Amino acid sequence: MNEYVVLSSILFTIGCVGVLTRRNAIVVFMCVELMLNACNLAFVAFARQHGNLDGQIAAFFVMVVAAAEVVIGLAIIMTIFRTRRSASVDDASLLKY
Amino acid sequence: MNEFVKPVVDYFELSPLLIVFFAACLGVVVEAFVPRAHRYLVQTLLTVGALVGALVMLVLVAREVPSYADGQARGILAMSGTLALDGPTLFLWGLILVLAILGALLFAERHLDGGVSAFAGQAAALPGTDAERTASTRGLDHTEVYPLLLFAVFGMLLFPASNDLLTMFVALEILSLPLYLLTGLARRRRLLSQEAALKYFLLGAFSSGFFLYGAALIYGFSGSMQFSQISEAVRNDVDNRVMLLVGLGLLAVGLLFKVGAVPFQAWTPDVYQGAPTPVTAFMSAGTKVAAFGAILRLFYVAFGADRWSWQPMLWIIAILTMVLGAVLALTQTDIKRLLAYSSVAHTGFILTGVLGVQASGDLSNGEISSLQAVLFYLATYGLMTLGAFAVVGLVRDSAGEATTLSRWAGLGKEAPVVAGVFAFFLLAMAGIPLTSGFVGKWAVFSVALAAGAWPVVVAAIASSIIAVYLYVRVIVLMYFDEPIGEGPSVVRPSVLTATAIAVGAAATLMLGVLPGPLLDLAARAGEFIR
């Protein structure tokens, strides 16, 4: 039981570190998805522990939300890529201070 | 295994929510079937009509809502307890709908930029290409922004009403996703706008990941997502305190990001500057109202029993937010970024109000509860910010909006009325008496003081003084400095923007001179139902 929660926290941390260190917007976004999936694992593990279905239902909702997020996110990243020929988050630096 | 129970839908009580949602879906259908020439008119009428309709239904619902359980609060739990329709929810719904109507008027404005809206003619056409030029000479317009606006409003209505963590997460996403898109749709300065959308999206998705993991941990701690049962578990369960605290912290990260409190404020200036000004106006007001509604419900209802765990954290965040917001605003050279940092400082002031937790039973006559103070502050803040950004949209030169602060020098001579209205909004943000900002600040400071949070109030007063200097500097620039070269001109708006600015200014004045009725309304909203 505990192992799953530990695994989910490791996945979450990997995703979190990835968002902070990677430079390609697509990879950053994949790391966010990894964080959401780590949440799913935690939800399902806790649902099993408590013996109710709330957590499993939550996992389905999260999947739907993640899919919607992919649609919006890829659209935005695609526009940026087509304009600048680069998906690096370092290149998008017109707005500062 | 539990028996499956068919959920009861309270159609009448939920009608404001449902009207907005169905109008948004209808807006998508309109995009598919109505010829391009008619879409603008149809979409504008549909959007404004739906929002006004929702507001009318809201008034009817508010008159009917029964008192709840012990009679202290009024409201019902709808949709099997996932939505709480109580006084504060209805108050926030009314506020969000008013702001959304004014926002929709700003969206529909077409006089400022030579007959086209502030949104990209064809978002898919690359900036600087023939396709983009063709789109602009043909006068194309993205009317999809109206359904996106309605979806965002739907999310904002759902957010403060949600009574369990899963609904809150879904509402957070419904509110955010359309705003990410709207941010990237500016007609002018499209690179900035796209960059703002990218930053907003990546950081927003990152923070909602934190919110979700926090929700998972709290679910693991209490075995339920419902706020009432979480509250029960917080009261009774002494095991797993670590899980509770980590989960609470992660949930707070997600929500404080949405309101732009200090460690999580980095996106605010970039997004406010890059987004089309009507979107900035609507988003800065609406998101903050909805997210503070959610923060209040989460902290008061679910974690109210564990106040000593989260109050010190909010103390520090409130102080940092106010001071940093005011100080960083001083260094800005762009009017939209300046207003963005000023909105960060306002977040800190509202958090000051959140700190003054008092049950209405403990109040002596004439005192106000912290919930009431925060609701009132949100109303004043939303209306004056929306008005101020609407004014920013009027000051233009050949390249679009002239947002560089030095270009505003001497605007008072060029356009005394517009500069005067803007100066009035700035004075309200500074909290000068006879404006709504003063009453709002007085309300949140007094509740925080009553709860013993005097260090926060001292910091709040100090940063108010810094902020006064900031706003007065802009006013001096507009009235007493000579314009540098060819100054920007003030474009005469159509009746749409004029209405939005007039309502904002009138409300700011009225709430400053005569705050009684709205304070009464906030008091009548009563408590959250649990």
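Placement of Cβ uses the backbone N, Cα and C atoms for every residue, glycine included.
Because TrEMBL annotations are produced automatically, they should be read as predictions rather than curated entries.
Taken from TrEMBL as is:
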TRANSMEM  B:14-34  transmembrane segment
TRANSMEM  B:41-62  transmembrane segment
TRANSMEM  B:90-108  transmembrane segment
TRANSMEM  B:145-162  transmembrane segment
DOMAIN    B:162-465  domain 'NADH:quinone oxidoreductase/Mrp antiporter transmembrane'
TRANSMEM  B:168-186  transmembrane segment
TRANSMEM  B:198-222  transmembrane segment
TRANSMEM  B:242-267  transmembrane segment
TRANSMEM  B:312-331  transmembrane segment
TRANSMEM  B:338-359  transmembrane segment
TRANSMEM  B:371-395  transmembrane segment
TRANSMEM  B:415-436  transmembrane segment
TRANSMEM  B:442-472  transmembrane segment
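Within the chain carrying the transmembrane segment (B:312-331), a Cβ under 8 angstroms from the stretch's Cβ atoms is held by residues 249, 252, 256, 261-263, 265, 299, 338, 341-349, 351-352, 354-355, 453, 455-456, 459-460, 462-464, 466-467, 469-470, all 6 or more beyond its ends. Here the transmembrane segment (B:198-222) does not lie next to the transmembrane segment (B:145-162) in space: the count of CB pairs under 8 Å, restricted to residues six or more apart, is fewer than 3. Away from its own ends, the transmembrane segment (B:14-34) comes close to residues 42-43, 46-47, 49-51, 53-55, 57-58, 61, 78-79, 83, 85, 93, 97, 143-144, 146-147, 150-151, 153-154, 157-158, 161 of its chain (Cβ-Cβ under 8 Å, at least six residues beyond either end). Most Cβ pairs within less than 8 Å of the transmembrane segment (B:338-359), among stretches B:145-162, B:415-436, B:442-472, belong to B:442-472.
When Cβ-Cβ distances below 8 Å are used as the criterion, the transmembrane segment (B:442-472) is approached by residues 315, 318-319, 322-323, 325-327, 329-330, 338, 342, 345, 348-350, 352-353, 355-358, 367-370, 372-374, 376-377, 426-427, 429-432, 519 of the same chain, each at least six residues removed from its ends.
With a cut-off of 8 Å between Cβ atoms, the residues of this chain six or more beyond the transmembrane segment (B:41-62) that come close are 12-13, 15-17, 19-20, 22-23, 26-27, 30-31, 34, 85, 90, 93-94, 97-98, 100-101, 104-105, 107-108, 143, 146-147, 149-150, 153.
Beyond the ends of the transmembrane segment (B:145-162), by six or more residues, the same chain brings 16-17, 20-21, 23-25, 27-28, 30-31, 43-44, 46-47, 50-51, 82-85, 88-89, 92-93, 96-97, 100, 103-104, 107, 117, 119, 168, 170-179, 181-182, 185, 282-283, 286-287, 289-294, 296-297 to within a C-beta distance below 8 angstroms of the stretch.
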